Structure formats: structure tokens, C-alpha cells
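Positions annotated as transmembrane segment by TrEMBL: 32-51, 72-91, 97-119, 126-146, 166-184, 191-219, 231-250, 262-282, 288-312.
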């Protein structure tokens, strides 16, 4: 490789000096750091999930079945997942909720393209279209994101917790959540919208507490101690509780419905809920112009579309399930294959559509 001439080095140095000393960069450098951390966290989580899936596939192909926690590859994915969650937590300390929450589409887009490298899948047209929409959407989100320069001190968080707008918002959320929980527990309504709406309501509380805890930790690291205030530990406890129940209802939705149905709806619901909570609790769009708000919402719409394009058109994959070949059973003339029903109560449940099974019985 040849060495760049001095003239080219000078031009590149002038470009970077002009970029990093521009008023726009000085105004948005904190938000850009949060965006980079959020994007990196979502990419790390995409890589980690692909590595863990690859580890499960390798274990399934082995003659001797081993638990997944004995796989070094699986632990590598788990470590990357933890690192990604840490980066995502830190990102909330640098950028507004309205900017970090929609960037979750990076994880879904990254999973689609990383699976091509790790799992040897083919690139689909939907992946390219969805990726293009995501890139344009993220550009609009970063460009027109709200700028919140005020420091989130413990005193300010205490003041916001007792503001009438937030109290009204919390009361409405509690009422809606109790109604949904009534239909879920008492009426046994387990529709995907009911489950994911409860997840979204919990997610709004999660992002508020995560941003508060992350901001107070960042200020304490800079020398402005905030960890001595009781509100820090209140937010920490609320964050843990909301995360646990959010995962509980999300796992229930994933168990009952296909991932291509759950993923896009959950992304839209949780992102919308997070943006609304940021607007109400942290007043993130308080002084924003109408054009900035419109373009930001348009970027969110493109991010939503990118997730729907990739996730909805994705086919569900299942591991091969052992079957019973009646041709190998002594005294049986039937040569068809009876597939076990995964939704049945016992192994070998016959499918109602299996006419051969009916005739044999």
C-alpha cells in the first residue's frame, strides 16, 4: 500500500477539523455519542443472538445431546449480549429517549444481515428494502432528534415525578394496564395485542427509570454525586420490577405467537410508548419546531416499515422433529409418517388433518 501524499493528508485533516469544530457537532456531540452507543449495542445484540442460535444448531446436530450452557460458543454470545445491554443502558445517559428507542430497528436489521454470515442464509429482497428504509429513517431520527441540554439531576427527577402531567399520565397507564390485566387473567384473553400492549405500558416505565438511573450515574462519575438521593434507589427498584414483568409478558407472547408477528408489533408499541413517556416526563420536544417534529415522526414511520418488511416476510424455521415411520412397525401395512403435534398434550398426537391416521385408528 502506498503512502498518501502530504496534500491529501492536509485535505483530510482540514475536513475532520472542520467537522469536529463545527457548531452543529458541538451542539449534538453528546447525542451522537448516545446514538453510536445505541447502534453498537443493537449490533452486538444481533451478533450475540446469531452466535447463540448457531451454538444451538451445532448442539442439535451432535449425536450426544449436551446442555447449551456447556457450549463455549453460547457463552461467547451471552457475553456479547451483556455488553450490548450495557452499551444500551449507557446510551440513555447521553441522548433523549425519543432518539434511542427507535434505534432498536438496528438490532432487527442487523440480525437479518448477520444471519447471512453466521447461518449461511440467502439475502432476500425484503432485507435490502428494509435495510434501505432503516438507513433513511435513522438519518432523519438523528438529524431531527430533540435536543435536551439540561442535566438530569436527582432534584429535577424528584420534581418531574410529582408534576401534574406525569401524574395524570401514570394514572391513565395504571387504569389501562388494569383493564388489560383483567381481560388477560380473568377473561383469559391472550390476544397478541393485549399482551404486547401490557409490554409497551411497562416499557414506558422502564425507559423513564433507565434514563434517570443512567443519567444520575453519569453525573456521579463526573463528580456531581447523585447516588445519595433516595430517588436514585426508587428508580432502580422500579426499573428492575418493570423489566421482570415486561420480559414475562413478552415471553408469553412469543410462546403463543410466531416471532414474525410479535417482533414488529412489539417494536412499534414499545417505541411509541417510549417516545410518549419521554415527551411527557422529560419534555423532550418542548421547544422543537413543527418541521423537526414532523421529520422525526416520518423517520420513526420509516423505521417501523423497515421492521415490518423484514420480519413479516420472514419464514418461521423449526428444527426437524422426529417422526414415526409406520413402515418400520411389524404387522403394519401403512407406510405413511405420523408427525407429532407440538401443540398436543403428549408425544405422537395425531394431526386432525391426517386422514391416514384416522383410517388406521
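Cβ coordinates are placed from backbone N, Cα and C, and glycine is handled just like the others.
At the 8 Å Cβ cutoff, the transmembrane segment (32-51) and the transmembrane segment (288-312) share fewer than 3 close pairs (sequence separation 6 or more) and do not count as touching. The stretch in closest packing with the transmembrane segment (166-184), judged by the count of Cβ pairs under 8 Å and taken from 97-119, 126-146, 262-282, 288-312, is 262-282. Sequence-distant contacts of the transmembrane segment (126-146) (same chain, at least 6 residues past either end, Cβ-Cβ under 8 Å): 31-32, 35, 39, 95-96, 98-99, 102-103, 105-106, 109, 112-113, 284-285, 288, 291-293, 295-296, 298-303, 305-307, 309-310, 313-314. If you look at the transmembrane segment (262-282) against the transmembrane segment (72-91), you find fewer than three C-beta pairs under 8 angstroms, all six or more positions apart, and that falls short of contact. Through the fold, the transmembrane segment (72-91) approaches residues 34-35, 37-38, 40-45, 47-52, 54-56, 58, 100, 210, 214, 218 of its own chain, all at least 6 residues removed from its boundaries and within a Cβ separation under 8 Å.
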